[in-house]
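According to Swiss-Prot, the feature heme b b562 binding site maps to HIS83, HIS182. Residues or ranges marked as heme b b566 binding site in Swiss-Prot: HIS97, HIS196. If you look up Swiss-Prot, you'll see HIS201 marked as ubiquinone binding site, on the strength of similarity to another entry. Residues or ranges marked as transmembrane segment in Swiss-Prot (evidence: similarity to another entry): 33-53, 77-98, 113-133, 178-198, 226-246, 288-308, 320-340, 347-367.
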Amino acid sequence: MTNLRKTHPLMKIVNSSFIDLPAPSNISSWWNFGSLLGVCLIIQILTGLFLAMHYTSDTMTAFSSVTHICRDVNYGWLIRYLHANGASMFFICLFLHVGRGLYYGSYMYLETWNIGVLLLFAVMATAFMGYVLPWGQMSFWGATVITNLLSAIPYIGSDLVEWIWGGFSVDKATLTRFFAFHFILPFIIAALAGVHLLFLHETGSNNPSGLCSDADKIPFHPYYTIKDILGVLLLILTLTSLVLFSPDLLGDPDNYMPANPLNTPPHIKPEWYFLFAYAILRSIPNKLGGVLALALSILILAVVPFLHTSKQRSMMFRPFSQCLFWILVADLLTLTWIGGQPVEHPFIIIGQLASILYFLLILVIMPITSLFENNLLKW
């Protein structure tokens, strides 16, 4: 008799995705982040659900309801900080996951990669709207500044902004709709993640060497299930340490002041995971130019597969490309630092140089270096 897990209509889907799935025998811990992102999403949906039970999306009571959650709800402080810091862990895993894809040439699976770029946009939109909900000073002014960027779109800009606001400023209508979208988007993200996996399992995983691994596959369970569980334990250890020892480490003190439209904070800045894009936005003195650069800083990922000029897929055996990759990482860290600094000398020029280098590396320097490496190998 055939095993039930191979015949049952529901169980055979799970079986072919997580148990009997043929996986390359040499994938490293950099391949753990997909499953960690799944765990992050589950944590965010669960903690978010419990927060939504006590939160009120009204400008008069939003701030108080968050205070009430932290003070009066059983373990409300824990749920709130798990959710806030869970977002940071989510983005750390996301950036490492994307970095892995860039380093090992996983972007050659076009459908999987494009769904991934779409997922990145969806997660960023969700995080932005979630940051507005506590209705602190940074929530309000962050929402005002970022939504106002859309007014740079020619002809329809100002109408579009008022349509998103639901009025002539960020107010009750804005908060209510942001809460509604913040609630529904994670479920859309979960569905997209399913499609992401579906496309991945059409081709199978890439591996560090970038070579075809059909000749050497091992079953996903028990090898990679155990490996993933180790990753999950480390993720939970990091998250709980952050939540229990320094829950406000990554937050902004300004957000502990209720939103006040009459008082602008001295430095308006988003959460740390948006700072690199924010720095690129600020480095261009023109409003429309800044908005375009902001959008392109993420959209550029969709262009990467078409800029792959190397005869090798992975960077594992390409030392020059490796150097450039780590320069790109250092550049992104520099942009993240600049995004959190005030707009004054020398931060302005550093931000502008780092922004130029970011686009130059991806669009020009890395493709040319790949051609040079092909030449060295007489390919």
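Including glycine, each Cβ sits where the backbone N, Cα and C put it.
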In contact by Cβ distance (the transmembrane segment (113-133), the transmembrane segment (178-198); 3 or more pairs under 8 Å): yes
Rounded to the nearest Å - Cα separation of HIS201 (ubiquinone binding site) and HIS182 (heme b b562 binding site): 29
Contact between the transmembrane segment (33-53) and the transmembrane segment (288-308) (at least 3 Cβ pairs under 8 Å, separation 6+): no
Listed in sequence order, residues with CB under 8 A of HIS196 (heme b b566 binding site) and six or more positions away: THR112, ILE115, GLY116, LEU119
Between HIS97 (heme b b566 binding site) and HIS182 (heme b b562 binding site): CA-CA distance (Å): 23
Candidates 113-133, 226-246, 288-308, 320-340, 347-367; stretch with most C-beta pairs under 8 Å toward the transmembrane segment (77-98): 226-246
Sparsest Cβ surroundings (other CB atoms within 10 Å) among the binding-site residues HIS83, HIS97, HIS182, HIS201: HIS201
Tertiary contacts of the transmembrane segment (288-308), as residues 6+ beyond its ends and Cβ separation under 8 Å: 98, 102, 105, 107-108, 110, 113-114, 117, 120-121, 124, 149-150, 152-154, 276-278, 280-282, 355, 358-359, 362-363, 366-367, 370
Distance [Cα-Cα, Å, rounded] between HIS97 (heme b b566 binding site) and HIS83 (heme b b562 binding site): 20
For the transmembrane segment (320-340), sequence-distant contacts whose Cβ falls under 8 Å of one of its Cβ atoms, 6 or more beyond its ends: 99, 102-103, 269-270, 272, 274-280, 282-283, 310, 347, 350-351, 354-355, 357-358, 361-362, 365-366, 369-370, 372-373
Positions on the same chain near the transmembrane segment (113-133), where near means CB under 8 A and six or more residues out: 55, 57, 62, 66, 87, 90-91, 94, 98, 101, 106-107, 139-140, 142-143, 146, 174-175, 178-179, 181-182, 185-186, 188-189, 192-193, 195-196, 199, 270-271, 273-274, 298-299, 301-302, 304-305
DSSP-derived structure type at HIS97 (heme b b566 binding site), helix or strand or else coil: helix
